[in-house]
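To start, the structure under review is shown below, and the notes come after it.
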C-alpha cells in the first residue's frame, strides 16, 4: 500500500539525529540573513555632521580651539524648534582664510549680525563626528542626498519582493538543494562586490541582487527543514528556525561594534555564504520534492539514509511512496478567488494589512532606534533579546489560548508602546528603552503569528496563492518603510512612532474580526472557509446525534 513521507518518518525518525543536524546547518543560514534584512542600522549609520568650510581647520589650529569652541564659533545654530538642517546642511558664506579674524568669537568682527549672515550649501563636503565609516559618510548621503539612503534600503526590499514571488516556482521546478546553493553563491558574490563598490550606483545594484537571492535562500532553508521533519515538529522547527535569525541579530551587534567601517563589516558578514557552499555534500535533496518529480527510488534512498543516521530501521512494507495530495479534480486558482466570496475577501484584506503592518513596524522600529538611540550597538542588542521571550510566548499560547487573541494583543501592545514612547520625556531614557522593547516584542509575536495563521484561513486549492499574495505585502511595507522613517524624522523625531502606533492598534482590532483556527482542520473548500466563523448547524448531524442518543438505552 502506498505511504507518505510522514508515514515513513514515523518509523525512520521525525526529529532525531539527522533532523537536528540539518536544523543546525540551516539555522546558520537563517542567522546570516540578519545583516541583509536590518543591516541598514550599521551600514547606513548617520553620525552628527556639519559642513566643511575652507580655512576653519587652520584657524582652529592657530587659535587652539576645542571641538566645542570650533563648533560654536564657525557653525550655524540648530535653527528654530531644534531643527538640525541649518547646522548640518548649511554654512556661513564667510572667507575663513582672512587674517582679520580673531580667536574669540571671530564673527563678531564682521559688520553683519551673526544671525543675518547668509548661509550657503556644503560645497566642500561634510565633517562627520565618527571614528568609523558608513555608506552615509563615504558617499555623503545627507541633506539633499539623504533620500539615497532610503533608496538603498528600499532596493533590497524590492529584491525581496521579486525573489519571494519567483522562488516558489524555481524551487518546485529545479529542486530545493540546487536552488539553495545557487542563491548562496550569488549572495556571496554580490556581497563581496558590494563591499568593494567604487560608487553608490554599483553598491545599489549589488544590494538589489542580494535582495533578490537572500530572502529566497532563507525561505528555501525554511522549506527544507520543515520537509525533513515529521508533521508533529513542523511548527516548532519553523519557529526555532526564526529564533536562529534572532541569534543573528545579537551576533550582528557584536560584529558591527568590532568593525565600525562599513566595507569591512559588509565583507565579514558575507563570508559565511562561502562556507554554505559546502552544504552540497552535507544536505540531501528533499524527499518530498523528489516524489513530486516521480523520482521515488532516489527519495527512498534518502529516506533510508535518514533512518540509518537516526539509528532506525524501516519496515519492509514501507517501500512505495506517494505525495500527500488528493486525487480529486485539479482546480486552477486565481486572484479573484481571494476576493470573490465575502468571508475570504475579508480574510484577504485583513491578512494583507497585517503583513504590511508587521513589516513596517518591525523594520521601522529598528531603523528608528538607529536614529534615536544613544548607543546603537547596545540598543540593537537589548531590543534583539526580547525576540526570545516573544518566540516562547508564541509556543506557549497558540495551542492553549488560540491564535486570535495573542495575535490581536501583540499588535495592540506594539501600537500602544509606540504611542506611549512619544510622550516619555528624554530624561527618562530607561523607561523609553523598556517601552520600546515591549513594542519590539509585540510586533515580533505578530509577525510570527501572521505567518502561521495565513495558511490556516484559506481552502486547499488557493492556500499557496493566498500565502504568496498576502505575504508579498510584507515586502511592499519594507519598500515604503525607509522613506517613512527617514523622511518623517526630518520633521519630528517621534513622528514615525505615532504612525506606527496607529497602524498597530488598527491591525490588532482587525484581527478580532477573523475566526479562531485553533483546533480546527484546514478548510478544504471555499464553503468550509466561508463557514469557519459560523457554528455548524447541519441537519444530518442533528439527526445522527438524535439517533445515537436513542440507541443508547436500547443496548
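Note: Cβ is positioned from N, Cα and C throughout, glycine not excepted.
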Identical membrane-side domain name, residue 263 and residue 458, from Swiss-Prot: no
Of the residue ranges 313-333, 376-396, the one that Swiss-Prot records as transmembrane segment: 376-396
Per Swiss-Prot, the candidate from 72, 97 carrying the annotation N-linked glycosylation site: 72
Candidate ranges 433-453, 517-537 [criterion: Swiss-Prot lists as transmembrane segment]: 433-453
Contacting positions for the transmembrane segment (151-171) when only residues 6+ beyond its ends and CB under 8 Å are counted: 36-37, 40, 44, 135, 141, 179, 203-204, 207-216, 219-220, 223, 289, 367, 464, 468, 471-472, 475-476, 478-483
The topological domain 'Extracellular' (486-494) [mean pLDDT, rounded to integer]: 89
For the transmembrane segment (405-425): best-contacting stretch of 211-231, 349-369, 376-396, 465-485, by Cβ pairs under 8 Å: 349-369
Cβ neighbour count (within 10 Å, all chains shown) around residue 72 (N-linked glycosylation site): 12
Residues from the same chain, set at least six apart from the ends of the transmembrane segment (239-259), whose C-beta lies under 8 A from its own: 23, 26-28, 30-35, 37-39, 41-42, 221-222, 225, 265, 268-269, 377-378, 380-381, 384-385, 387-388, 391, 394-395, 448
Recorded stretch, among 22-42, 264-284, 376-396, 433-453, 465-485, maximising Cβ pairs under 8 Å relative to the transmembrane segment (349-369): 465-485
Intrachain neighbours beyond the topological domain 'Cytoplasmic' (232-238), with Cβ under 8 angstroms and 6 or more residues off its ends: 14-15, 19, 23, 222, 225-226, 395, 451-452
